[in-house]
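S.K.: Can you keep this structure in mind? I'll have questions shortly.
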Amino acid sequence: MRRTWRWVLGVLVAIVLVTALALWLLLRGSLADLDGEHALPGLAKPVTIERDALGVVTITAGSQTDAMRALGHVHAQERYFEMDLMRRSAAGELSALFGPKAIEADKRMRVHRLRARTEAHLDTALGDNGAAVRAYVEGVNEGLADLSVRPWAYLLLRQSPHPWRASDSVLAGLAMYADLQDPNNQTELALSRIRAVVPPALYALIAHDGTEWDAPLFGGATGNAALPDASQLDLRTLKSKKGIEQEEADVIGSNNFAVAGALTADGRAIVADDMHLGLRAPGLWFRVRLRYPDPQAAGGQVDVTGFSLPGLPAVIVGSNGHVAWGFTNSYIDTADYRTEPANATVTVHEERIAVAGQADVLFPVRETAWGPILHTHADGSGDALRWVAHLPGAVRLDFADLARAGDLDGALHFADRAGLPAQNLVVGDRSGRIAWRLIGARPDRGPGCAPAGFNAASNQDCAPWPIRSDASPALIDPPNHRLWTANGRVLDGEALASVGNGGYDLGARARQIRDLLAIQDRFDEHDLLAIQLDDRAVFLQRWWALLHDVIERSDDPALKRLKAISHQWGGRASADSVSYRVVREFRTQVMDTLSDALLAPANAQLGDDYLDPRLAQLEGVAWPMLQQRPANLLPPAYDSWDALLLDAARRTESELAKQGPLAQRSWGERNTAAICHPIARALPDIAKRWLCMPADPLPGDRDMPRVQTPNFGASERMVVSPGHEADGIVHMPGGQSGHPLSPYWGAGHEDWVHGRPTPFLPGKAQHTRTLVPAR
């Protein structure tokens, strides 16, 4: 009997081992091919694909079309599932992969009908680059087909990938619009509704659009709000309704800055760029170097290194030996609402949403000449949205043309026709020149249109506007030899009025960068990296002083405990700082209270029609309120401003004490990395560790150059001088490969966590694969 049980146990163990081995082999079947020779249809000449120790790819080809075909092949083998998610998220097609739980997300995007618009105007998006785009698309599909097994995520979902099309590359570009701009233009609509129901003085506070922290390239700071007196506004007399508490939103954006040759030892210009986006594994970007002859390029040769976006046939930010460039989100006004009457001419499009595991869902989209109707009112009228992403030319797949630029003027010439979300372009060339320019699609508003900015429902006399990307504001060869942008306001005067405010970020981050650039007269690449990694809490210094003023005037034992852990102000958002976390929480408590008090009257009046606006500039209202403490602006729930601040301090202590001993409540505990593959959220915790980066405590926060939250922050860092790429520095979280069994899963991530310089150029080749023309 005992022998029988041993035999049975042995068989069971063997079955488990064989099953595990089969699963392991199945998963390995979708790993990218790294070595050997492979025949690729469509190639004119052989192409080499080299990978260094971090998986950074160097493609050497005989032409642009061959290089793009090889790039598509590599993107598909390393990142096809992530590419698929991008096109599906923009088109509202995620339900076909994930089932019913994605239907509402699909509806929010399907209302824009981006796939239908893309396919109707594909020729505009392709422009003169049709051959290169087609080569890229064919390379993608060949790379996918060459995998022994479909990408591993599809195995888990029990789905099969669909082939890539040229329109999918346009949708990948439109997915960036959806990330960088608000597809629903909610703040504009929210402010329009609020303006209609609250006193003008209250609306002026809510909509105040600047602070003393502003650091534009043109003009000075707008300054804080002027507070109304009791004859203009008294919050205590207004009916109010408390809203739902919402965590402060991450501002999708970036830092970029540059110094001209006058500030470097050998006359080189240096460009720094770090784009702040949601973080995942693998990273959003894919590091690549492309080398190929091109008669239209400077010197007849393209040699460009930087960050590509799988799904697009180009290097998005980088350097080509002649120019280096980077972007930040511009936050200009790129959308307008118009209230359409009940009898407006409407076309109804029946959108069919495919859903895995159940029948398709029919989703009617009502659209006028202005755009899709996103909200319908009881009287039959509706709010129609016009957004630049709806229009032909919003995405142009000619971005590889920037790699041909031979100098600053050539790069700026490309900007005149660029089709991408409106960005702050900062560029430098090898002669030492630098420039800033607004680049990308923006509305070309005509007579009768509301001014750019938050001016909803006032476009009845405005003809549907087209878009343009030429004749944008620029600052070329700045006299102080320095440039900086960080998603705040850049312009002033007529130039600002022409592009409007689409939700500029608080200027504290830009000001900190500007001030760091101002205190030195000589820079190298490591100096600019140090600015990118600056986690000094300059913005919160005065909030620490305010908290300690509150604590010193109280005998409350809870506040004495708070004083004990925060009296030493390190002044940094370092992972081990307890005082930073305390002050950060105190500010959050105060700002939530003041925000709710300002918005509660509108919430009471609007009821179900109330929408929360994103009040990025609220500091410019809150700080003067706290300094002047006017009785007419005191939130009605409090008898005095002292009581409000004491309550905020007590809630800070209570919130932190819930989690254990106060002395152990470090910022890193709160700011711990949660960077995972998109599939991880659907898996049990025991399996997530294989699909997530380590849970590292992270330094940095929002209002400082080193922007960092658990799953949001610098999706890349780059510091490079054109012509001196060997001295350049990069960081990228999440690694190159989308396969957790790949040696390049998470490669380079630890350098990003700890700020260790990684060389900009690829290192020595560890693997070489040769693609040859198919016979």
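Every residue gets a Cβ built from N, Cα and C, even glycine.
Predicted automatically and left uncurated, TrEMBL annotations should be read as such.
Features from TrEMBL:
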| type | residues | note |
| --- | --- | --- |
| ACT_SITE | Ser254 | active site, nucleophile |
| BINDING | Glu188, Asp333, Asp336, Pro451 | Ca(2+) binding site |
S.K.: What is the separation, in Å, between the Cα atoms of Asp333 (Ca(2+) binding site) and Ser254 (active site, nucleophile)?
M.R.: 18
S.K.: Roughly how many angstrom lie between the C-alpha atoms of Pro451 (Ca(2+) binding site) and the residue listed as 'active site, nucleophile'?
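M.R.: Rounded to a whole number, the Cα-Cα distance is 26 Å.
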S.K.: Tell me the Cβ neighbour count for Pro451 (Ca(2+) binding site), meaning other Cβ atoms within 10 Å of its Cβ, over all protein chains shown.
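M.R.: Pro451 (Ca(2+) binding site) is surrounded by 12 other Cβ atoms within 10 Å.
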S.K.: For Asp336 (Ca(2+) binding site), name the DSSP secondary structure in the helix/strand/coil scheme.
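M.R.: In the DSSP reduction, Asp336 (Ca(2+) binding site) maps to strand.
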